[in-house]
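Per TrEMBL, the features are as follows:
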- D532: active site (ACT_SITE)
- R492, T504, D532, E581, H584, E603: N-acyl-D-mannosamine binding site (BINDING)
- H584, C594, C596, C601: Zn(2+) binding site (BINDING)
- 53-390: domain 'UDP-N-acetylglucosamine 2-epimerase' (DOMAIN)
Amino acid sequence: EVYFKNLSKQKQKGVMEKNGNNHKLRVCVATCNRADYSKLAPIMFGIKAEPQFFELDVVVLGSHLIDDYGNTYRMIEQDDFDIHTRLHTIVRGEDEAAMVESVGLALVKLPDVLNRLKPDIMIVHGDRFDALALATSAALMNIRILHIEGGEVSGTIDDSIRHAITKLAHYHVCCTRSAEQHLIAMCEDHDRILLAGCPSYDKLLSAKNKDYMSIISMWLGEDVKTRDYIVALQHPVTTDIKHSIKMFELTLDALISFNKRTLVLFPNVDAGDKEMVRVMRKKGIEHHPNFRAVKHVPFDQFIQLVAHAGCMIGNSSCGVREVGAFGTPVINLGTRQTGRETGENVLHVRDADTQDKILHALQLQFGKQYPCSKIYGDGNAVPRILKFLKSIDLKEPLQKKFCFPPVKDNISQDIDHILETQSALAVDLGGTNLRVAIVSMKGEIVKKYTQLNPKTYEDRLALILKMCVEAASEAVNVNCRILGVGISTGGRVNPREGIVLHSTKLIQEWSSVDLRTPISDALHLPVWVDNDGNCAALAERKFGHGKGIENFVTLITGTGIGGGIVHQHELIHGSSFCAAELGHIVVSLDGPECLCGSQGCIEAYASGIALQREAKKLHDDDLLLVEGMSMKEEEIVSAAHLIQAAKLGNTKAESILRTAGTALGLGVVNILHTVNPSLVILSGVLANHYVNAVKDVINRQALSSVKTVDVVVSNLADPALLGAASLVLDYTTRRIY
């Protein structure tokens, strides 16, 4: 027992030393209204439960202290929290100016409170105008800010306020993966972002009140059954107050017509809220036998009411966030929550301009039961947040840092640029043909040019320049704005310098060639160059099966065998730009000779050249042609003849293709055991012939942990050109690196 007590003291001491001042972390939690208290209360209980680490100061302001909204500060006292300060900050009024004046009044009163409290950190929730005043005051007074629920999107002025608080805050607790990505995209430091889930879910998912019928009876009447009543909560939209008032009238008319018992909660303190209350009174809602109009319901009781309701209607964030945890049907009206992630229980009526639309939505949703959704939390947010608070080092500089992405080749925004389609010039240097295409942002090949690839360096470079100049000129006529040039070529490439280090034997006089400089100088555009296998992988990442996949491999099966490896969403080039030379994985020590000079490479078995070599051997021995096949005297034997012969029952051709497929499959197994991708994409003209053989070898030879890998055939018509275009489109338009 003494040992564990000492161990506990050492842990406590370690956390305090990390906090920098050998003292408890003094946390100020400021709550402005009933909604944000439902999110902050679980955190406050957690902080209060660990007095050895934290000191809690509670500041109450905003609508908590207004009688018209239920004097909700009382529920904070009922939860046994000591309220350090009460600030009356709401300026009465019915327009936008009242909100601005309320922010100003809070800014005047808060400095004195913060000077007295001197907190180490202030916790601010959400996107209300009161919260903006809190964050502004704390930031200007050099107090660290922890912002709850940043990065979300809802579709009103709340978005602007929420994102403004994000820029003021030093630490962020977000509820969903999308919100986390939004914060990163807003240049916030990833190390200061915690994906915790919504704190209210800790209470929601543990709510097991068996006596919910007494709660329903108390608020709606003793004759009401579960799933046979409606909860309505609608707020004014401050960016379009008149329309939101009209929509509220239509909602009440629809609810009156629907003729079900309904609990109507008063709206938030916002411009237009008084007018909404007048609409309620004008329609006699407070005295209507089917309606119960209330200013406030305690959160634990509100949970039970929405959990057992037949439907919730309105535009409250609670409808699209918390109610999903119970699978209760929700009708979300208007634009106030546009952009929020929702479960399948939410039906949006964004253009709620008639009573019939709302009534139809009620008929569709009422009484349904949907699967429970945990988009916004798993019930363990508070432990994560407390651990995050303990990790804050007060010795770190207070000035926050922004993680700006590098921006390349800034393009001026004029009206022509906005109207034109952003596009890339894509160049594919193959062994036979030289192709140039205009490729749009969506991967559409707008125009394509093809010429035979010249044999000499000088002729080849001159032709590339000529074709690129012609394509760039034509781009104007097809309304495309060229952002840059991407070049896909065989061989080993240094993409940083735009140099072909040395090429395959298929492209002659193509070693130590600087492609970037002459083309960039001629076209006055940025130029990117990469190996054709890497380009195929980039094409899959942007336009094909690899879109959104973190780890995958692309294998090109054509004249040669090549490929590209994408690991953690990024292409792997290797220390000497030789990564993903997948065609030269050795699968046999005494196999046929490869063009690289080695023996037993995959390419020596499974490439188009290898199959052509075997087809010629069969033809020379008069063993290729079978019934149903014919060849002209001058016709060159190719891999296609071997495949045709195998399809017509030539057993020797079948054996050669089986060996080739096995060699390719063994190479894929080696790849699986080395980089462990979740997806293998076969590309090129031979992909369909090999896919089943590769799957069979994986099932026979691979470790059980990698046998579940997906092996698919590419659905891209022109991966080389699309990959070359991706070089340009990825780097000139993306803002997250």
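These residue numbers are counts, starting from 1, taken along the chain as shown.
The backbone N, Cα and C atoms fix where each Cβ goes, and this holds for glycine too.
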Entry from the binding-site residues list C594, C601 having the most other CB atoms no farther than 10 A: C601
Separation of alpha carbons, E581 (N-acyl-D-mannosamine binding site) and C596 (Zn(2+) binding site) (Å): 11
Sparsest Cβ surroundings (other CB atoms within 10 Å) among the recorded positions R492, D532, E581, C596, E603: C596
Surrounding CB atoms that lie within 10 Å of the CB of H584 (N-acyl-D-mannosamine binding site), all protein chains: 20
Distance [Cα-Cα, Å, rounded] between E603 (N-acyl-D-mannosamine binding site) and D532 (active site): 15
Zn(2+) site, defined by H584, C594, C596, C601: further same-chain residues with Cβ within 8 Å of the Cβ centre: G583, V586, L595, G597, S598, I602, E603, A604
Averaged pLDDT score, the domain 'UDP-N-acetylglucosamine 2-epimerase' (53-390): 91
Of D532, C594, C601, i.e. the recorded positions, those within 10 Å of H584 (N-acyl-D-mannosamine binding site) when Cα atoms are compared: C594, C601
